C-alpha cells in the first residue's frame, strides 16, 4: 500500500528535461533540429500538394504516399514544437493532459506509419507479381478502406495506453528525462503495479509492428522471386531497386537505437518524416518532374522582370 505523501492521483504537470547531460549546448542543438523539422514540413506539404493537384498520380502508390505524408506531419508536429520550446526558451513544464495527448499521438501515428509501409509493400507486391490485375485489386475504394483500417488500428490499439495510465496514481517525482512524453517514460512515474500496462505494451508491439514486419517480409520475398525470374537484367535491377529501396530505408533506418543517447529519441521521430519526401522526390520520377517543373517555371517570369 502506498503512503499518501508519496503519491498523487493526478499531477498538474510534468517536467521534460530536454537532453540531460547537454544542458550547456541545448540552445545550439535546437537549430539543426529546427532545420530538420522545417524540411519535414515543407517536403511533406509539397508531396501532398503535387499528389492532390496531379490527377495522374491518383493511384494506390501515391495515395498511400499522401497518407504517409499526413502521418509524418502529425508525428513530427506532435513533438518538435515543444522540444524547440524546451531547448530555446526553457519551457520544461507540460500540462498533464497535454502529456497524455502527446503519448497518444506519438504511438498512434507510429502505428499508422508502420501500417502504411505494410500497405505500400502489398501494393508493390500486387504491381510486380500481378501487374495485369493491379488496377482491379487495388481500386481507390480498396485503398481508402486499407487506409481507414490502418488508422483505426492505431487509434484503437493505442487508446488504452492513455486510459489505463490516466487512472493510476503518480509519485511525487514528475520529471521525465527527455524532451517528449511517451508511454514507458510516463509509466515509470506511476506509483502502482504497472505489469498490466507493460504487458499490453508488449502485446501492441508484437501485434502491430510484428505483424507488419511479417507481412512486409513475405511481400518482398514474393517480389524477389518474381524479380529474379525477369528475362532482362536491366528490368530485374529496376524492379528490385524500386521495391526494396523503400523497405530497407524505412524499416531499418526508422529504428535508431535509443539506448546510445537520449538524442536518438528525437531523431527517431524526426528523421523519417524528414527523409520520406526527399527519398520519394528522388526515387519517383513523376514527383521529381513536377518539383523541377514548378521551380523552373518561375525562371522565365523572373527573367522577363
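Backbone N, Cα and C define each Cβ position, glycine as well.
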Annotated transmembrane segment segment (source TrEMBL; candidates 27-50, 51-74): 27-50
Which listed span TrEMBL calls transmembrane segment, if the choices are 100-122, 169-191: 100-122
Candidate ranges 237-258, 259-280 [criterion: TrEMBL lists as transmembrane segment]: 259-280
